[in-house]
């Protein structure tokens, strides 16, 4: 074989250099894409996991009501005090702002007073302050999870959002029933440490993800669409007042039905338990709360399969029908076949988690542009907590007026059926690209009305550096070089 001329060597060297550069650049381009995907997954995971404590604190108060009623009796822990303790967190959530979140679980658990009434009032106040943290946490976590899910796969955004928000909250309810059973098995009839530890252990989930939450980055859509200053409130209200009213009203109805039936579930079960022990009553609640999970999983599948509007309308209608049946046969069913009563009660709750549970937050996240998504979501969620408060306050009067616990089931079910009709005819359907399309439409709307759209978007606080995780194997380059040289020589 003859020697290679200088020009041939130059050509070969040039080709090798080009190929190595191509290999390097392609791998460098792949790295940030993979990192962005990983960051979105982590945002979803850690946004959702802290919501476990929100579900836990909402569910555990049902058992605290049961325990305190047995400790202090109906004269001290009467229906009025029971309602105050139950709705105090919802009141705090309405005005929720981020702050003091992690010490507030301890405030509730450490409640004390010179008299039993003083202790109960401190608990009411502590739960209200806790609600401030919950109210600030919930919209931020949910919106961040939704935007990150959209970055991963818009077609599966709905299901991903539901799995890391509502499903995690529902799991918190189940855990809130398991923990008291374990504590009752340890402390037996000594209910004082049981209720204090049941409340205090709610601090574990948020503390476990605190570090990661502090390190989370803003979503790409937020960085591109957030309003830095001079928020055009009037323009926003003119464009979105109907959607905001619709999502807020539907959320009010859902929380009016769902929260009281969860908060007072242990009291309801205790009233039909025919002398069963405290640990048996709480154990029945594990079964009852477990119905939340399959309902939520079905909703996560349904929102992407048949759409948000149909899922919400079907869920509300089915829940209303089952609730009417449950209210109608409440007395004979609860007295003669308690296990069947628990199952029907569980189906009623599961249908709430199939339809309205997943779609309330999803609609409030998707129907608004990035610039005002967090604010509108927070307003709708706050109106929902007003519904939870009103429903909790009205629970005992409905019970007394309508002849027992059947009353709240009948009233709530009638409202659910009416809300299903509203949802079917008035709620817009959002497709996979709906969030991006709404951002574009909102920007065009602002431009047409003379707003300076340069105010949209913020600069990322993260340095624009690229770290390549994969190390290019020099042996691969050597093989490519050798192969190219042989090919060139043969040619």
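Glycine is treated like the rest: Cβ placed from N, Cα and C.
In TrEMBL, annotation is done automatically, which means it is predicted and not curated.
The transmembrane segment annotation in TrEMBL falls on one of the ranges 20-47, 160-187, namely 160-187. Your range for transmembrane segment, going by TrEMBL and the list 141-159, 217-235, 312-330, is 312-330. Counting C-beta pairs under 8 angstroms (sequence separation of 6 or more), the transmembrane segment (160-187) fails to reach the transmembrane segment (408-427), with fewer than 3 such pairs.
At the 8 Å Cβ cutoff, the transmembrane segment (119-139) and the transmembrane segment (408-427) share fewer than 3 close pairs (sequence separation 6 or more) and do not count as touching. Contact between the transmembrane segment (336-355) and the transmembrane segment (240-261) holds: at least three of their C-beta pairs are under 8 Å, each pair 6 or more apart in sequence.
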